[in-house]
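In TrEMBL this protein carries:
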type	residues	note
DOMAIN	6-143	domain 'DUF2231'
REGION	149-188	region 'Disordered'
TRANSMEM	12-30	transmembrane segment
TRANSMEM	42-64	transmembrane segment
TRANSMEM	76-97	transmembrane segment
TRANSMEM	109-130	transmembrane segment
Amino acid sequence: MSFDSIPIHPMMVHFTIALLSVGFLCDLLARFTKSESLKNAAWWNLLFGFFAIIATALTGWLAARSIPHSEATHEIMEIHEILGFTALGIFAVLLLWRILIRANIITRFFILSTAVWLIGVGVIFAGGYYGGKLVYEFGVGVKGVVQEKETEHKHNGTEHKDVKKETKEKESKPEQKHVHKNGKEDTH
């Protein structure tokens, strides 16, 4: 069983996006309303979102090394990977920053940390765009495609069309050679 047989990365992505985006909104609303409950909600979303982004980055990194992809998609995959690890770095710094704020070690720059959070969410959305492009435009990691086929038939003398679903294995370009940024040739 290879890593690509259980698509864990696409499962983890949703937690990262949801937790860190909702956390940002809670943080922003807490600024204007002075609500302690929103401030706490932002904190917990950041904390759990950070663990989610670690899992997302790790599973994405493993998937990139095990899922077959072409040279054409390799560059997009690298952009997606760079954005993912950049977001991980941003949220690592932000979490440390917020820990220091909560411990009253840092008492200033709280508003600046909200701006950093916004940048981090923007980087996640950009990474999501490229991840979506890999899957929906190029079919990376997609094993089969369900296509609908219309057929005509009769029931009690009434004609109508029926939709039948057929699964076709999508033809993917088998293992193509490409060169990584470090100069290493690879075949996935």
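Even glycines carry a Cβ here, placed using N, Cα and C.
Predicted automatically and left uncurated, TrEMBL annotations should be read as such.
Cβ atoms under 8 Å from those of the transmembrane segment (12-30) belong to residues 36, 38-39, 41-46, 48-49, 52-53, 55-56, 59-60, 91, 114, 117-118, 120-121, 124-125, 128, 131 of the same chain, restricted to positions at least 6 beyond its ends. As a summary of secondary structure, the domain 'DUF2231' (6-143) carries 115 helix, 0 strand, 23 coil according to DSSP.
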